[in-house]
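The structure appears right after this line, and notes come after that.
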């Protein structure tokens with residue numbers, strides 16, 4: 001193992017979101033260990049500027065070009081460079097860094113992640129859309145340039161840790177856990193009337209609104225099933241999800257000898273982030289320690305396809321492969337926009353996704369794999385247009 005630089009150069013894409021803020025929390029606790037190169041965000045200029053000042057970042061970038069004057073004003077006198085727009089995000093990804101957090105939500109995180117891999121860096125991947133929409137391309141890009149991708153989702157970090165030193169050929173099954181979300185105790189017949197406020201309250205995790213609603217609908221878990229297939233190269237038949245209300249076991253890996261290895265930890269994203277930040281070493285993290293005697297009980301049950309139709313759609317997407325993951329993600333994002341805007345009900349989101357997949361399958365074969373990032377972005381836009389049209393009906 002080659003020695004690390006005296007200070008690790010780090011960049012955080014999506015710095016103002018939940019993952020970004022937890023990453024900043026860990027970095028700020030050890031300023032002697034890190035040099036912050038770039039922080040990026042969207043509309044929360046005050047937070048972006050405050051963090052850039054506090055961490056003495058080289059550059060702060062907002063994705064919103066019209067907010068550049070605000071960012072410049074907020075950074076005046078700090079010595080931190082300000083920039084805005086898609087080109088600026090890519091330029092920030094080109095800046096030399098040893099470790100980059102990819103936490104921009106949605107398809108917007110694709111291009112910066114791909115650009116960073118060209119420089120052979122370590123990419124901590126919290127942007128699950130990258131693997132769902134362009135998994136084979138992303139992994140090929142990393143291999144071509146000698147880059148490392150580390151998963152930051154708590155479930156995939158747990159699987160990754162359970163597989164250290166193991167032969168992937170000996171893996172019989174991978175089980176990722178789901179809390180069930182904020183509506184898990186609602187009668188199934190009542191789910192159709194759930195509001196964004198109802199679905200946006202999570203019993204265990206402190207996350208942003210969109211991902212919390214995706215947790216309630218299990219679209220988040222559906223994405224993670226697809227992500228598991230892409231990242232670990234395991235066949236869909238060997239990947240499953242189980243509802244685990246306590247959110248203390250994040251994933252389990254079953255082996256051909258019958259052993260089942262579980263990863264336990266508190267529902268705190270700083271654990272998965274900290275593991276990726278310090279990999280291959282482990283560092284002390286400011287997270288709660290589990291008291292097994294106090295926990296006393298761990299529960300599991302199988303999720304229902306009628307309650308969580310997103311899981312059924314995800315299994316079909318895993319079997320189909322090709323561009324279906326990209327379509328699934330794009331339609332899911334449009335459907336969530338529609339739910340947040342009050343245009344459709346909570347249980348209508350899965351219908352938008354299914355309709356979009358069906359509509360695009362009539363245009364071409366969903367199993368045709370995209371060959372370039374441009375192919376992915378084109379498919380993404382087509383799917384968004386179709387899903388938006390369905391939403392407008």
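Cβ atoms here come from the backbone N, Cα and C positions, even for glycine.
A coil conformation is recorded for residue 42 (NADPH binding site) in the three-state DSSP classification, outside any helix or strand. Counted within 10 Å of its Cβ, the other Cβ atoms near residue 42 (NADPH binding site) come to 18, all protein chains included. The NADPH binding site annotation in Swiss-Prot covers 16, 17, 18, 19, 42, 43, 44, 127, 129, 208, and the record cites sequence analysis as its basis.
The 1-deoxy-D-xylulose 5-phosphate binding site feature in Swiss-Prot is assigned to 128, 154, 155, 179, 202, 215, 220, 221, 224. Around the Cβ of residue 224 (1-deoxy-D-xylulose 5-phosphate binding site), the same chain contributes 128, 153, 155, 156, 176, 241, each under 8 angstroms and 6 or more positions distant in sequence.
Taken from Swiss-Prot, the feature Mn(2+) binding site applies to 153, 155, 224, supported by sequence analysis.
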Does DSSP put residue 153 (Mn(2+) binding site) in a helix, in a strand, or in coil?
coil
For residue 16 (NADPH binding site) and residue 220 (1-deoxy-D-xylulose 5-phosphate binding site), determine the Cα separation and express it in whole Å.
20
Listed in sequence order, residues not in 153, 155, 224 with Cβ within 8 Å of the centre of the Mn(2+) site Cβ atoms:
128, 151, 154, 156, 157, 176, 221, 223, 227, 228, 250, 251
Taking DSSP as the reference, which of helix, strand or coil describes residue 129 (NADPH binding site)?
helix
